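Here is the structure we will look at.
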Amino acid sequence: METMLFSPYTIRGVTIKNRIVMSPMCMYSCDTEDGKVRNWHKIHYPTRAVGQVGLIIVEATAVAAQGRISSRDLGIWSDEHVDGLRELASLVKEHGAKIGIQLAHAGRKSEVDGEIIAPSAIPFSEKTRTPKEMTKADIEETIQAFQNGARRAKEAGFDIIEIHGAHGYLINEFLSPLSNRRQDEYGGSPENRYRFLGEIIDAVREVWDGPLFVRISASDYHPEGLTVKDYVPYAKRMKEQGVDLIDVSSGAVVPAKIRVYPGYQVPFAETIRREANIATGAVGLITSGLQAEEILRNGRADLVFLARELLRNPYWPYAAAKELGTTISASVQYERGWRF
């Protein structure tokens with residue numbers, strides 16, 4: 001049986017062998033707290049490549065030490081990180097997958113020691129620290145950090161870069177009126193709140209000509225926050241700037257109760273794809289091959305991003321192929337167990 005899920009997808013000359021993407025998920029495994037790749041990463045990611053995932057996106061990787069979510073996050077703020085990342089990328093590609101990396105800055109949600117920064121001096125919650133409002137110099141320095149991170153990702157041999165603009169981290173904090181109360185050109189109007197992300201995209205594009213994704217939170221789940229309709233013009237602008245795909249998640253810019261169910265974020269990806277005319281990735285409680293195939297067949301997204309399901313089962317593509325009545329190849333070492 002021919003399937004969409006196991007059909008190839010090409011972006012800017014990079015061909016992903018199927019539409020299955022391992023979503024970036026923090027592993028909090030840098031036990032040396034220096035941001036460097038550890039043995040855990042060198043086992044965790046290649047295992048999913050052996051399992052026939054088409055694209056693996058490495059977890060949120062901090063472009064600045066102060067921009068880590070935790071002290072155990074991966075980093076790309078120094079040239080010293082490149083060798084470990086290069087080895088990781090090579091291991092994944094050795095097993096037939098493409099590899100991406102998510103460039104991130106946690107902003108006010110950083111839990112590292114010392115000063116934290118954000119567009120405005122507003123804490124995430126009553127239980128978290130109040131960040132310092134970023135100066136123009138802070139903004140320029142952070143944009144440069146994203147560009148430097150992209151340059152290092154290129155040196156390390158990554159196929160795809162994703163900019164993390166979701167989940168209440170720094171870029172998302174600029175986009176949302178709930179966290180951005182600035183009175184200058186980086187706050188106020190939707191255009192001004194987009195400016196920080198727009199300048200990051202331009203800076204990354206100066207050093208990176210490969211596929212570029214941006215992850216967004218398409219709903220703030222708050223009456224005064226952003227909705228998917230607000231993100232349509234943002235997505236159009238991203239496309240004009242050379243972004244190739246929007247990875248559509250939601251929430252986490254402020255504390256909120258979110259009603260989750262299988263595929264609960266898929267309608268957001270569908271709306272962005274249809275109304276902004278840009279490729280999208282759907283993510284959020286996608287757990288079966290039939291569910292993934294439906295999303296693709298009905299034009300709701302171009303790629304499916306799996307997170308927790310790939311933690312539970314690194315060989316999910318095999319199970320999905322069996323469910324859909326098709327066959328996929330296995331690594332030679334595993335062929336005895338993968339016969340359909």
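Quick reminder: no glycine exception, Cβ is built from N, Cα and C everywhere.
Cross-referencing Gln102, Gln147, Gln265 against the FMN binding annotation in Swiss-Prot, which names Ser23, Pro24, Met25, Cys26, Ala60, Arg215, Ala307, Arg308, picks out Gln102. Sequence-distant contacts of Arg215 (FMN binding site), defined as residues of its own chain at least six apart whose C-beta falls under 8 angstroms from its C-beta, comprise Pro24, Gln102, Glu162, Ile163, His164, Gly165, Ala166, His167, Ile246, Asp247, Val248, Ser249. Neighbour counts of Cβ atoms within 10 Å were compared across the binding-site residues Met25, Ala60, Ala166; the minimum falls on Met25. Following the DSSP three-state reduction, the secondary structure of Gly165 (substrate binding site) is strand.
Fewest other C-beta atoms within 10 Å: among the binding-site residues His164, His167, Arg308, that description fits Arg308. Summarising the FMN site geometry, the residues cited as binding it (Ser23, Pro24, Met25, Cys26, Ala60, Gln102, Arg215, Ala307, Arg308) extend over a maximum Cα to Cα distance of 17 Å.
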